[in-house]
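Pasting in a structure now, in structure tokens, and then I'll have a few things to ask.
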Amino acid sequence: MTAVRAPRRRASGDVQGGFDFSRPDEIVCGVDEAGRGPLAGPVVAAAVILDPAQPIDGLDDSKVLSAKKRDALYDLIVTRSHAYCVASASVDEIDTLNILHATMLAMKRAVEGLSVLPTLAQIDGNRCPTLSVRAEAIVSGDALVPSISAASILAKVTRDRMLVDLHERFPVYGFNVHAGYGTAKHLAALREHGPCEAHRRSFAPVRAALDLIR
């Protein structure tokens, strides 16, 4: 599937929230993920259909927002959206399928878990999961399409909270600080303690740490 390179501006005109008023039968959801790159924890995806009657100011790519701003927007999104769903693929699924296919699986679960069936799913990035509804990939969609921005925020906040919970179980790795990414301190902890069950053994730094303790 060819990815859509959207113009560097927010959608406007007849498209508001998840509804295209030039086509009353069109219901659009935005989809994004968080956690493809980390060495530990699940990959999380979210799908959001915004409600044009309850606009949300400040939506943007979750990566450019502060944690405080993301948390505030998270509360608004789950309260004001027409529908939303957050789903994940586990570490075992990542290691079995690979991270790309696990990400597609999490996205598929998020779209299929919506309480309202969309007619179009707009996916951040350059490829789409196999869905029962039409889908289009939008490069940099998390910075361009409000519903994708909302999905990126839900996915990021949810995953960060999951990693805080993992920190309670495995405090030596500092998951609450780096969310599983391969920081210098995380890599040092991997070398010292070896991987835990939350680490992705299909990722090279984790395999290298395993080799050290064999």
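Sequential numbering from 1, following the chain as shown.
In case you wondered, yes, glycine gets a Cβ from its N, Cα and C as well.
Pulled these features from Swiss-Prot for this protein:
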{"type": "BINDING", "residues": "D32, E33, D124", "note": "divalent metal cation binding site"}
{"type": "DOMAIN", "residues": "26-214", "note": "domain 'RNase H type-2'"}
What other residues of this chain sit with their CB within 8 A of the center of the CB atoms of D32, E33, D124, the recorded divalent metal cation site?
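So the extra residues in range turn out to be V31, A34, A45, A46, M107, I123, G125, G141, D142, I148, A151, S152, A155.
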Across the whole of the domain 'RNase H type-2' (26-214), what does the mean pLDDT come to? Round it, please.
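A mean pLDDT of 97 is what the predicted model shows over the domain 'RNase H type-2' (26-214).
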Within a 10 Å radius around the Cβ, which one of these binding-site residues has the most neighbouring Cβ atoms: D32, E33, D124?
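When each Cβ's neighbours within 10 Å are tallied, D32 leads.
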